Amino acid sequence: MVQGTANWNTEITKEWLQSYVDDWVQFYKKETKEGKVASYIPVLKKADPNLLGITIIGKDGMNIQSGDVDTPFTIQSISKIFSFIVACMERGVSYVLDRVDVEPTGEAFNSIMHLEMRKLKKPFNPFINAGAITVTSLLNGKSSEEKLEPIFQLFTKILGYRPCINEDVYVSERETSVRNRAIGYYLIELGYLESALELTLDTYFKQCSIEVTTEDLAKLGLVLANDGIDPQTAEEIIPRNVVRLAKALMLTCGMYDASGKFAAYVGIPAKSGVSGGIIATAPPRVRKETLPFIEGCGIGVYGPALDDKGNSIAGIKLLKHIATKWDLSVF
Ligand SMILES: NC(=O)CC[C@H](N)C(=O)O
């Protein structure tokens with residue numbers, strides 16, 4: 001039985017929150033049975049569909065972890081937030097937005113349809129594959145290592161360690177991703193790719209194969225919640241205007257063609273990936289009563305069993321429950 005609505009008006013202790021989150025994770029874990037792990041990247045099929053884990057980190061350092069938090073997974077589409085951020089920092093926001101729009105598509109992330117419609121001025125947003133591949137082509141550098149280095153540096157600064165690329169996933173995607181290649185060819189024809197196709201795709205596959213944990217996603221989400229400033233060091237890691245754009249895109253386009261429902265029922269900027277990860281970022285709220293994580297928090301979720309839109313099936317339900325109980329919505 002899920003514990004009911006609490007009166008959060010008493011002092012909020014870590015133990016107390018932990019017991020709630022443990023209870024909720026256990027409750028939603030059975031929902032994993034309703035989903036399926038991604039299979040179009042062959043290695044992703046090896047994931048255990050029963051897993052569900054979450055990490056929540058507050059601005060004050062409160063760190064709640066529950067469920068299967070020790071299994072690393074590849075970041076996949078969540079990387080699109082950070083390639084977009086780095087491209088904006090390297091090339092300037094207006095340069096990037098001249099080449100990708102900020103409109104949701106209502107289509108699947110790997111849809112080609114809009115590229116074929118000649119009315120299109122530019123890819124709809126940086127979180128669909130067409131937009132993300134375009135953004136990756138804008139990154140400075142002559143090799144995939146050079147292009148990815150600023151992303152790795154950003155991660156290293158926030159996470160306190162340098163994450164690795166999962167070679168098996170990278171090779172598996174590189175060898176099977178005919179659709180991303182097709183998108184790449186369309187982008188060449190339309191004049192959007194600024195670096196060679198092979199280099200761009202190779203960089204894109206590698207960025208998607210960076211291995212992370214729910215704690216890593218929570219730390220990244222916390223910096224976004226805190227307007228780009230690292231709460232521990234007070235250093236501005238990402239400029240405010242770039243973070244604002246990234247979060248607006250997460251809210252409108254982050255959960256594929258379920259983004260509208262997620263905004264309506266959960267109400268926090270979030271981004272998911274096909275490996276089953278979700279990053280969410282809850283900004284500070286202004287309320288009289290005391291609520292958990294009132295100063296904002298970052299959340300990382302892992303649950304590889306996906307729903308029919310490609311989002312972690314149990315992860316979404318867990319996030320919805322937590323956001324409702326703790327009133328995390330930005331609206
Ligand atoms: N939605 C995703 O996470 C997709 C990322 C995956 N690497 C792809 O390009 O197909």
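Here the Cβ of each residue, glycine as well, is placed from N, Cα and C on the backbone.
For the substrate site that TrEMBL gives as Ser77, Asn129, Glu173, Asn180, Tyr256, Val274, the extra residue drawn from Tyr95, Tyr161, Tyr204, Tyr302 is Tyr204. Long-range Cβ proximity for Asn180 (substrate binding site), meaning a same-chain Cβ under 8 A and a gap of 6 or more residues, is found for Asn110, Asn129, Ile133, Leu201, Tyr204, Phe205. A simple way to gauge crowding: the CB of Val274 (substrate binding site) has 25 other CB atoms within 10 angstroms, across all the protein chains here. In this entry, substrate is bound by Ser77, Asn129, Glu173, Asn180, Tyr204, Tyr256, Val274, whose most widely separated C-alpha atoms sit 20 angstrom apart. Other Cβ atoms within 10 Å of the Cβ of Asn129 (substrate binding site) number 23 in total over all chains.
Secondary structure at Val274 (substrate binding site), taken from DSSP and collapsed to helix, strand or coil, is coil.
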